[in-house]
Amino acid sequence: MKRPYQNIGFFFLLLFVLVLAGFTPRVPGTPFFGYFGSASTFGKIPSVIHWHALAAMAWFALLSTQPFLVRANRLDLHRLLGKASIIVVALFCFTGVQVMKHFYAQSIVESPRDEVLSLLAQSFTALSLFVLFYTLALWKRRNLHQHVAFMVAASLAVATPGLARLGLYVVGGLPGILTVVAFIYATLAGFLLYAKVRLHQPMLKSPYLPIMVLFFMAHAVDFVGSGTKAWLWVADRMVSVW
């Protein structure tokens, strides 16, 4: 008997490849220098960025491996790596905050304060969504459909910075960002329909619906809210404790 989601590991691998592609080239007209394309100057890149990149790659490697372990009936290793992922996620979140601090300290010298605070919104919302979805995935680990849904959501949240860079490089400007946003919702809608049609899961009770709402709220902050006094106040309080 086939397991539900037995091929989902290929989706995570594809997402990983897209993220790596996004972090490889320099994006002209942006501060995105192309991490993997800057191998010759790695010594000049702050160590915290290296640690953050390693943590992100380790998490994606774990995420991509897990479905294949289930497919091979190695549930013992699946559970062990699931516990190990907590350490990886903790390192990813810690270094993520440090990278935000580095970006702020570097940018505040060259750009207006409000502009820098506004740019922190995307990193903040992506990291917050990732932590939320990952936590929910752990909490719902005994419910296969909800566990998978929240892991898919977590993967999209953590992939957003890389996908955004890829969109800017391939398409360019706002259309590139909107292409990435459309990809996120199309992916979630695809999983929603798959769960409904192939796995006979009730659509109105699907976790993908609140997941899409949360992504919409985060994108609203990124596109509109990041320039409001409310966000600038939140961001100002955030950097004040750094």
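Each Cβ is built from the backbone N, Cα and C atoms, and glycine gets one as well.
The annotation transmembrane segment is assigned in TrEMBL to 45-63 (among others).
The feature transmembrane segment is assigned by TrEMBL to 84-104 (among others).
Sequence-distant contacts of the transmembrane segment (116-136) (same chain, six or more residues past either end, CB-CB distance under 8 Å): 89, 93, 96-97, 99-100, 103-104, 107-108, 146, 150-151, 153-154, 157-158, 160-161, 164, 211, 214-215, 218-219, 221-222, 225-227, 231-232, 235-236, 238-239. Among the features that TrEMBL reports, transmembrane segment is placed at 116-136 (among others).
The transmembrane segment annotation in TrEMBL covers 148-171 (among others). Long-range contacts of the transmembrane segment (148-171) within its own chain (CB-CB distance under 8 A, at least 6 residues past either end) are made by residues 4-5, 8, 11-12, 15, 18-23, 25, 27, 30, 32, 56, 59-60, 63, 92, 122-123, 126-127, 129-130, 133-134, 136-137, 140, 177, 179-180, 183-184, 187-188, 191, 195, 206-208, 211, 214-215.
Counting residues 6+ beyond its ends, the transmembrane segment (177-195) has Cβ neighbours under 8 Å at 145, 148-149, 152-153, 156, 160, 163-164, 166-168, 171, 201, 203, 206, 208-209, 211-212, 215, 219 in the same chain. Per TrEMBL, the feature transmembrane segment maps to 177-195 (among others).
Positions annotated as transmembrane segment by TrEMBL: 207-234 (among others). Nonlocal intrachain contacts for the transmembrane segment (207-234), taken as residues 6+ away from its ends with a CB within less than 8 angstroms of a stretch CB, comprise 114, 117-119, 121-122, 125-126, 128-129, 132-133, 140, 145-146, 149-150, 153, 156-157, 181, 184-185, 188-189, 191-192, 195.
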